[in-house]
Amino acid sequence: MSEELLKLLKAEGLDLLSCMHCGICTGSCPSGRHTGLNTRRIIRDARKNRAAVLSDYDLWLCTTCYTCQERCPRGIPITDAILELRRLAVREGLMLPEHRFVSEMVLECGHAVPLDEETKKKREELGLDPIPETVQKDPEALEGLKTLLKTCKFDELVAKK
């Protein structure tokens, strides 16, 4: 199974086999200092066990700052590999509940965090329009966004599998 994953990654120009497990990626990771993210382990797991790496919560802790990738002595595109692993995970229905919720909000109202009545009221108190110049204010733009998301099959990716 890991050979299949490595082939998929290599097809994207992401060859992980040259990793020498020096740990520079993990040691320089800002997110790893505060979370369980261990980029070296993710790379190792990608080489060994596809199922484990695609369902690993830590895969989603990367902030995509590219520090690991910039510092890798072998020039391994670590962040790019993590992003591709995430794409593969989503295609297999392995999306975190929080990401699924936010994605469903975007599909429904065009925003990850829709405006509630309290926020609209607070905006008015601050002298702002209750609804900012976004797709929430323009029904045609919202429908256009929904069409775009459907056309690129975002709704199918978000659907529970």
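Backbone N, Cα and C define each Cβ position, glycine as well.
In the record from Swiss-Prot, residues C19, C22, C25 bind [4Fe-4S] cluster 1; the candidate from C65, C72, C109 listed for the same site is C72. Only residues 6 or more beyond the boundaries of the domain '4Fe-4S ferredoxin-type 2' (51-82), in the same chain, are considered here, and those with a CB under 8 A from a CB of the stretch are 1, 5, 9, 12-16, 18-20, 22, 24-26, 28-32, 35-39, 41-43, 45, 88-89, 92, 94, 96, 99.
Note: the Cα of C68 ([4Fe-4S] cluster 2 binding site) and the Cα of C19 ([4Fe-4S] cluster 1 binding site) are spaced 12 Å from each other.
Set side by side, the binding-site residues C19, C22, C62, C68, C72 differ in how many other CB atoms lie within 10 angstroms of their CB, and the most is found at C68. Local packing around the binding-site residues C25, C29, C65 was summarised as the count of other Cβ atoms within 10 Å of each Cβ; on this measure the leading residue is C25. The secondary structure of C29 ([4Fe-4S] cluster 2 binding site), as reduced to three states from DSSP, is coil rather than helix or strand. In the three-state DSSP scheme, C65 ([4Fe-4S] cluster 2 binding site) is classed as coil.
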